[in-house]
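Colleague: Sharing a structure, written as structure tokens. Questions coming.
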Amino acid sequence: MVDTHKLADDVLQLLDNRIEDNYRVCVILVGSPGSGKSTIAEELCQIINEKYHTFLSEHPNVIEVNDRLKPMVNLVDSLKTLQPNKVAEMIENQGLFKDHVEDVNFQPVKYSALTSNNEECTAVVARGGTANAIRIAAVDNPVNVNKLAQDSINIAQIVPMDGFHLSRRCLDLFKDPQTAHKRRGSPSTFDSNNFLQLCKILAKTSLCKVSSHHKFYSTSSVFEKLSKTFSQTIPDIFVPGFNHALKDPTPDQYCISKFTRIVILEGLYLLYDQENWKKIYKTLADTGALLVYKIDIDYEATEERVAKRHLQSGLVTTIAEGREKFRSNDLLNGRDIDNHLIKVDNIVHIRND
């Protein structure tokens, strides 16, 4: 079993080490289907946030949110703006770029939009269209810390790769839609274009620095340091999740807020050495604030886990069908991950049998 408390300590130590140079740190957590990566990511996130809530309960009124950010960055200034007529055309086509659904070289574009909470934002879309959109909220109204419940302030946030599954209507437009649906979960059935763009955005925010008029000492805790270095000018970033009942992405399910100092990215292909996936590691590693974990587990153990999950999700009607679905798709994806793992030295391998 994975010691998630030890992982939490390692992540907080990285944040402490990098807090003068990085606004946030990232964690990559990769594993084959059924390896337990989602559960581990959720536990890790919960442990870190609970530790911070305990600190806040013992240190009331410690949080400061200031605007001393260096450098001031436009997170998507390099992206082309999608013109209104093209936005209308995309929406008319069910939020898709019909000619680009399989184009892994399609460059993400941006346009003005609204979040699901009706906040003004910049939407970033790629070959998966609006189903896999990233939405960056406008930075307008200053945060009033006094009006925030302290247990609502979370410094860690998970970002599952699942939200970047191409929608079923997107797969319908593939040259071979039958195979695309059958092999859903393989690398080509995710919007790798926009997930890489998300990593580029996160890297830019990571490299921002917030100065503080407080003098920190060697005895200052990491929670004390980060509590004095929240920034008003870091925007909220909304990313999609995945609804297993609807079998499609759901917009704005996760929010990487200005309080998020640890982003835990989990998924199958974040260390994959092909197409857009191969650029993710370097994009985040170049910030100097990244931890990378690969979960190793025997396929015999994952078969039963995944078969039961398929049955519970309604994808199959019997456990035997679940096992067959695992062998014809999930097992192939797991082996693909192992065969195409990027070759870098700092991947920490952990067992979860």
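From the backbone N, Cα and C atoms, a Cβ is placed for every residue, glycine too.
So Swiss-Prot has the following annotated:
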- GLY31, SER32, PRO33, GLY34, SER35, GLY36, LYS37, SER38, THR39: ATP binding site (BINDING)
Colleague: Taking DSSP as the reference, which of helix, strand or coil describes PRO33 (ATP binding site)?
Modeller: coil
Colleague: Which number gives the other C-beta atoms within 10 angstroms of the C-beta of THR39 (ATP binding site), all protein chains shown included?
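Modeller: Step by step: centre on the Cβ of THR39 (ATP binding site), count other Cβ atoms within 10 Å, giving 13.
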Colleague: Out of GLY31, PRO33, which of these binding-site residues shows the lowest number of other CB atoms within 10 Å of its CB?
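Modeller: Counting other Cβ atoms within 10 Å of each of the binding-site residues GLY31, PRO33, the minimum falls on PRO33.
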Colleague: Please work out the number of neighbouring Cβ atoms within 10 Å of the Cβ of LYS37 (ATP binding site), leaving out its own Cβ.
Modeller: 26
Colleague: Are there residues of the same chain, six or more positions away from SER35 (ATP binding site), whose CB falls under 8 angstroms from its CB, and which are they?
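Modeller: Correct list: ILE295, ASP296, ILE297, THR302, GLY334, ASN352.
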